[in-house]
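Below: the structure, in structure tokens.
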Amino acid sequence: MANNLLKGKRGIIFGALDENSIAWKTALKVKEEGGVFTLTNAPIAMRLGKINELAKECNAEVIPADATSEADLANLFTKSQEVLGGKIDFVLHSIGMSPNIRKEKPYGDLNYEWFQKTLDISALSFHKVLQTAEKLDALNEWASVLALSYIAAQRSYPDYTDMAQAKAMLESIARSYGARYAKLKKVRVNTISQSPTRTTAGSGISGFDVFFDFANMMSPLGNASAEDCAAYIAVMFSDFTRMVTMQNLMHDGGFSASGITEEIVERLSK
Ligand SMILES: NC(=O)c1ccc[n+]([C@@H]2O[C@H](COP(=O)([O-])OP(=O)(O)OC[C@H]3O[C@@H](n4cnc5c(N)ncnc54)[C@H](O)[C@@H]3O)[C@@H](O)[C@H]2O)c1
């Protein structure tokens with residue numbers, strides 16, 4: 001059911017790798033709601049992933065950018081404005097990667113060069129996106145900028161290792177830049193803390209299936225799917241949420257507010 005929530009709005013969507021990606025579902029939802037956008041991903045992901053299929057479906061141009069490169073980001077914002085015909089109204093940062101998780105390094109044996117890469121790709125890149133947009137004056141007033149987070153920013157999860165620190169930093173950047181950009185141009189900046197979701201990044205965490213099932217049992221509504229997340233993102237990009245900024249928004253079926261649920265009691269009583 002489309003409502004034209006994003007009619008007349010222009011945006012940039014980072015991070016669609018394949019059809020499971022949250023960014024992929026978001027692109028489809030935003031298109032359905034009448035928004036136009038460019039798609040972007042790291043050059044290497046472009047070769048491995050299927051972004052061109054999505055671009056065709058969405059009638060969108062693909063502009064490669066490594067989100068850690070200020071030069072790539074400047075090119076992305078400049079070209080996106082040219083292609084879309086004006087300043088940008090919404091940006092989705094849907095990017096996460098930890099070399100330490102990829103190489104299965106335990107928390108007591110992290111490689112610090114990789115740790116810095118994790119922070120650069122998964123958190124600092126959000127600051128770079130915002131700073132580039134500000135320097136180029138690429139955003140319209142009331143633009144909405146979102147990044148995706150996870151509750152490991154607030155609570156410990158074994159095997160999430162250095163991504164927990166990256167998510168804490170990501171949420172902090174949303175608050176600090178949100179305050180600045182609100183004053184400068186009424187731009188709002190938020191993070192959405194999403195349930196575990198079966199994607200390439202999600203399934204890369206060892207033990208993912210167990211904490212997916214645990215979260216599902218601990219969430220009165222169950223885990224939020226990637227499609228649910230895309231719908232929430234569309235609302236956050238719309239004019240119906242204009243006064244929401246500097247927040248970490250829980251999109252988790254009630255997980256973060258639950259002490260214990262009947263499902264867990266039942267399971268542990270057996
Ligand atoms: N899947 C989950 O369980 C879950 C839960 C909460 C939050 N998130 C977050 O959602 C976001 C999207 O992840 P996803 O689950 O859709 O997985 P995904 O693997 O489909 O997406 C991650 C994306 O990050 C991109 N990326 C990596 N390095 C990059 C770089 N240097 N420059 C530009 N892009 C780069 C990848 O190419 C990929 O497209 C991430 O921030 C992730 O941490 C995921």
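Cβ from N, Cα, C; glycine included.
These features come from TrEMBL:
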- Tyr150: active site, proton acceptor (ACT_SITE)
- Tyr160: active site, proton acceptor (ACT_SITE)
- Gly15, Ser21, Ile22, Ile95, Lys167: NAD(+) binding site (BINDING)
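Proximity of the recorded positions (Gly15, Tyr160, Lys167) to ligand 1: a Cβ under 6 Å from the molecule is found for Gly15.
Here the CA atom of Tyr150 (active site, proton acceptor) lies 10 Å from the CA atom of Tyr160 (active site, proton acceptor). Calculated from their C-alpha atoms, the gap between Lys167 (NAD(+) binding site) and Tyr150 (active site, proton acceptor) amounts to 7 Å.
Our reading of the NAD(+) binding annotation (Gly15, Ser21, Ile22, Ile95, Lys167) yields a largest Cα to Cα distance of 18 angstrom. Tyr150 (active site, proton acceptor): 27 other CB atoms within 10 A of its CB, across all protein chains. Of the recorded residues, Tyr150 (active site, proton acceptor) and Ile95 (NAD(+) binding site) place their C-alpha atoms 12 Å from one another.
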